[in-house]
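Undergrad: Submitted below is the structure of interest, expressed as structure tokens.
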Amino acid sequence: MGATLAGAMLMGAGQVQAATTWKIQSTWDAGTVGYTLFEEWCKSIEAKSGGELKFQCFPAKAVAADNNALFDAVRNGVLQGMNPFTLYWAGKIPASVFLSSYPAGPDQPHQWDTMFYSMGMLEKTREIYKKFGLFYVGPIQHDANIIHSKQPVNSLDDLKGMKIRVPGGMVAEVFQQFGVSTVSLPGSDIFPALEKGTIDAADFVGPAVNYELGFSQVTDYIIFGPPGVMSIYQPVDLMDLTVSLRAWNSISPELQQLVEDEVRIYSQKHYLAIQARNIEAMEKFKADGDTVTRLSQEDLETWRKAAIPIWFNWANKNDDARAILDIQLKYMMNDTVGYITEEDIKGF
């Protein structure tokens, strides 16, 4: 009610103003729980803005055929905005590898909100995106990414010799430190690869989506981190809302504030809805006979020591990437978190 009332106040007494429409494409496929949530939120913006702003949403590939085309479509004005997984831009915006979780980095959703909204990371991110003609409105919490395996993994030692589908880049490099043969496959190819046994295990998103994809039919184990950490390699896989700088500057400061506030509200709604589905999905995996195996806290600490040099290899490729990592290092070394020490990063 408050947001709707605020939207109505934007118009002012006696004003009649034509609505601005933003075309926004998500990377969620049509029919998924993620896209349904995004669509519902987009439809709510018109009323909340008092009719001044409309979000016309599209599922993955509806306007832009792939991620590269999506990035360019927003920059070129074919679309006004996008709702991607932030890591998609690692090849275009090097700093983006640190704008969503990475191996053994901050592993709780609230830690990412703290860095963005209380430690200056949002402002730095916007500064980076402006170089590309884009405005990063804010992060959208999603889920952890987890691994489904045909064999149990009870320690890092058990990974040696396994062939696992994981994302490329930093994630693959850390897995390779533990004797894993990493494979990059599109999501549509994971099930058949597991079914045929050409891979031993596969990472994808969280339990809810992975159950819908049938992973319980072709694997027997789910690999988690220690209690409270679903994933040691991609525990907080963030999405975001990004719009063209031109579109952002075309709306009033009041509308800009409304959109920023709404992204924060939607982030929580999206995250909680996905988590509720995860709880249901884990019960289904259990009923199907799948077993959860957990890596230990000691495994996580060993994993982090292997990951730290790789963090710096990626951060030192680009000044902006290093600036983002420096914010995160300050937080991880603070005693409120305590993940790393000065000694851990000495020499980097």
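Cβ coordinates are placed from backbone N, Cα and C, and glycine is handled just like the others.
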Undergrad: Among Arg165, Arg264, Arg277, which is the one TrEMBL gives for the substrate site where Asn145, Asp203, Gln234 also bind?
TA: Arg165
Undergrad: Where does Asp203 (substrate binding site) sit by DSSP, helix, strand or coil?
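TA: Going by the DSSP assignment, Asp203 (substrate binding site) falls within a strand, counted as strand.
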Undergrad: Quick one, of the binding-site residues Asn145, Gln234, which Cβ has the fewest other Cβ within 10 Å?
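TA: Fewest other Cβ atoms within 10 Å, among the binding-site residues Asn145, Gln234, is found for Asn145.
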Undergrad: Just to verify a number: CA distance, Phe204 (Na(+) binding site) to Gln234 (substrate binding site), in angstrom, no decimals.
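TA: That comes out at 10 Å between the alpha carbons.
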Undergrad: Name, in the order they occur in the sequence, the residues of the same chain whose CB lies under 8 A from the CB of Arg165 (substrate binding site) and which sit 6 or more residues away.
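TA: When sequence neighbours closer than 6 are ignored, Arg165 (substrate binding site) has Thr182, Val183, Ser184, Leu185, Ile190, Ala193, Ile199, Ala201, Ala202, Asp203 within Cβ distance under 8 Å.
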Undergrad: Given that the record lists Asn145, Arg165, Asp203, Gln234 as binding substrate, what is the largest C-alpha to C-alpha distance among them, in Å?
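TA: Across Asn145, Arg165, Asp203, Gln234, the two farthest Cα atoms sit 14 Å apart.
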Undergrad: Applying the rule Cβ within 8 Å of the centroid of the Cβ atoms of Asn145, Arg165, Asp203, Gln234, what extra residues of the same chain belong around the substrate site?
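TA: Result: Ile146, Ile147, Val166, Pro167, Val171, Ala202, Phe204, Val205, Ser231, Tyr233.
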